[in-house]
Amino acid sequence: MICGSPEIDVDLLQLCTEYSKCSETDDHIVWFWQVLREFSHEERSAFLRFVWGRSRLPVNEKAFPQFFKLQSFSKQREGRSVDEYLPVSHTCFFSVEMPTYSSQAVLREKLLYAIYNCQAIDGDGDSVAANRLGWEE
């Protein structure tokens, strides 16, 4: 049996969101919610798979086993534009690190690219991916 609603309620997700190193009023966070609302049903479902490994939300707030965590991306290297980075998801923790992009259009482009092209979990076992994220020592 598949649990959860096939329709992804962005308002419910926003209600069940915690913020880390950012505020819900920061430009990139406001843009994130606007972009998510503009996504098609398929894109919203793909977003959930990207950040949680599931394609459906629980039916109500009480049914969430954990809240969604939205964080500002903190691994930016000196001298590099934030627009060069992709969002980083952590499916075990139902979270995403969102760079402070320069525009809503850039956020949309990078988020869609990450959703459909970044399937590795946190770069585990992939030194190239880890290096791109700035995880090398």
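Every residue gets a Cβ built from N, Cα and C, even glycine.
What TrEMBL records for 1-129 is domain 'HECT'.
What TrEMBL lists as active site, glycyl thioester intermediate is CYS92. Neighbour density for CYS92 (active site, glycyl thioester intermediate): within 10 A of its CB lie 11 other CB atoms from the protein chains shown.
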Integer average pLDDT (0 to 100) for the domain 'HECT' (1-129): 89
Secondary structure content of the domain 'HECT' (1-129), with strand meaning DSSP E or B: 56 helix, 18 strand, 55 coil
